[in-house]
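**Q** Please find one structure pasted underneath; my questions will follow.
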C-alpha cells in the first residue's frame, strides 16, 4: 500500500477521531502515543544496542500500526533515535531519506502526474475498451487490463483514483443503455425488472473489485510499480551488492501478475458477471467514441509525454545486459532513476504549445510547461518519507547486530518446517499483516531481516514476502485501491471480506508456487531449487 493514511484518515493524512471520544478511546490513544517512546527510553537501561534497536522497532511499528500520527511523520523517528543510540551519524541516517530508490519513486510520480494532467490515461482506457469489447465481460476485461497496465508504471493509488470514476462512467453507460431500450419499448415482456436490477448491481460490484484488485496486482510486475518492490530492490542491493536488472525483474513480476490477473478475471466473471449478458446488453461503441471525442484531439503535450514514457521504458530495459547494457558501457555508474529524471527535466522545459507550430512561442519564451510545480506538490511525500524511514530503520537494525539474531531464528524455522512450507508461512503471515499495516512499512521491516537468510534463499523469503505485501484484498482500509472501490458505493463490507478472502487464498497459493518453481529461472544465483 503506497499510503496507508488514505483510510481511515482524512485526505491530508491527519488522524481524525470523533469529536467526543470515549474514555476508553482516550486511554488507548494515549497508550499508543506514549507506549512506544516509553519502551524505547527504558531500553537504554540495558546498555545493549540490540535491545535498543528492538525497542525502536517496537516504537515505530506501534505508531505505524495504530497511526496515532501520520505515517510519514513517524518515519522520521529513526532519524532522531539512531544518532542518539550511537549507531549512525546524522549524515548517514538522513541519506536514507533520499537514496537512489526514493529518487526513482519521486521522478516516476512526476511522470505519472503528467499522464493524469492531460487525461492520457482516459484516452488509453477508452481505446482499450473498444478493443476488448463493450459487453459486460469485455468491459470487465478491459478494466482489468488497463488498470494493471497503468499500475505497472504509476502508483496504485493514482491508478485506482483514475480508474474508479472511469469504471463508474462505463457502468452507468451500460445501465443507461438498458434503460433507454426499455423506454423505447425494446424490453422483453417476460423480463423481470428485479432480475435486471440485481444483475446490474452484481456487475457493478465485480467491476469495482476488478479495478481495486488489478491495481494492486499490476504493481507487482515492475520494480517501480509499488512501494514494496522499491524496498526489495534497495534491500537486494544492500544485501547482495547489486539489484536485479529491470528486465529480469520485469520478466518474473510480469509473468506472476499475468497469471494472477487471469485468475482474477475468472473469479470476478464467474461470481459477478456470468449470466448478465442477457439483461445487460453491450454498451454502444458510439458512446465510447463520444467520450473519446470529448477529450479532444491527441494534443502535443500528450505526444511528448507518451514519447517520454516509451523512451524511459527503453532505457530501463537496456540498462543492463543482455540487451545493449548502456549502464555497463559507462562503467556501471548508472541507476534506474537516471532515465526518468532526465525525462522529468525535459518535460519541465518543453512548453504545452508546440514550439515549432503556428502558435508556438519557442523553447526560450515564458509560458506554461508540461511539468510544473503542481506535479511536485502532488507527489505523495508522506510515502516518500515512509520509504526513507524504512531504510533508516533497516540501517539501525543492521548496525546494532539485531539482524543476525532474527535471521538466525528464521533460518532455524526454515530448517525445521522445510523449504516448501517456509515460503508458504512467510506469504500467509505477511498477507495477513498487510491487511492492517501499510505494505511499505511491512516490507521495510521484514525484507532486510529475510535478506540475511543468505544469498541463495531469496526465493524462499525476500520474493514471496514482497509479493505478499501487495496481496491484501479483504479490508477497505488495507490499501487505497480497496478504499476507493469501497467508497464508490457499489460494495458492502461483506462483499469486500468474502471476495478478498478468496483472492487472498489464491494469491498466497500462487505466490508460494511462483517463488519456489519460477523464481529460480529468473534469479538462479539467488534461489534454492526444490
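Start at 1 and count along the chain as shown; that gives each residue its number.
From the backbone N, Cα and C atoms, a Cβ is placed for every residue, glycine too.
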**Q** Among the residue ranges 96-118, 165-187, I'd like the one that TrEMBL describes as transmembrane segment.
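**A** Range annotated as transmembrane segment by TrEMBL: 96-118.
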**Q** When you get a sec, could you say which of 57-84, 197-224 is annotated transmembrane segment by TrEMBL?
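**A** That would be 57-84, the stretch labelled transmembrane segment in TrEMBL.
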**Q** With TrEMBL as the source, which of 360-378, 379-397 is set down as transmembrane segment?
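**A** The range carrying the transmembrane segment annotation in TrEMBL is 379-397.
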**Q** Looking at the ranges 138-155, 228-245, which is given as transmembrane segment in TrEMBL?
**A** 138-155
**Q** For the transmembrane segment (501-523), I need the partner stretch with the highest count of C-beta pairs below 8 angstroms, choosing only from 27-45, 96-118, 379-397, 417-437, 449-475.
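**A** Ranking 27-45, 96-118, 379-397, 417-437, 449-475 by Cβ pairs under 8 Å to the transmembrane segment (501-523) puts 449-475 first.
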**Q** Based on Cβ pairs under 8 Å, which of the stretches 96-118, 246-272, 379-397, 449-475 lies most in contact with the transmembrane segment (138-155)?
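**A** Per the Cβ under 8 Å count, 246-272.
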**Q** With Cβ distances under 8 Å as the criterion, find the stretch in 27-45, 379-397, 417-437 that has the most pairs with the transmembrane segment (96-118).
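**A** The stretch with the most contacts is 379-397.
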**Q** With Cβ-Cβ distances below 8 Å as the criterion, list the same-chain residues six or more beyond the ends of the transmembrane segment (57-84) that contact it, or say none.
**A** 3-5, 9, 13-15, 29, 32-33, 35-37, 39-40, 90, 93-94, 96-97, 381-390, 392-393, 395-397, 399, 402, 436-438, 441, 445
**Q** Can you name the far-off residues of the same chain, 6+ from the ends of the transmembrane segment (27-45), with a Cβ under 8 Å from a Cβ of it?
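**A** Residues packing against the transmembrane segment (27-45) from afar: 17, 21, 51-52, 54-56, 58-60, 62-63, 66, 68-69, 81.
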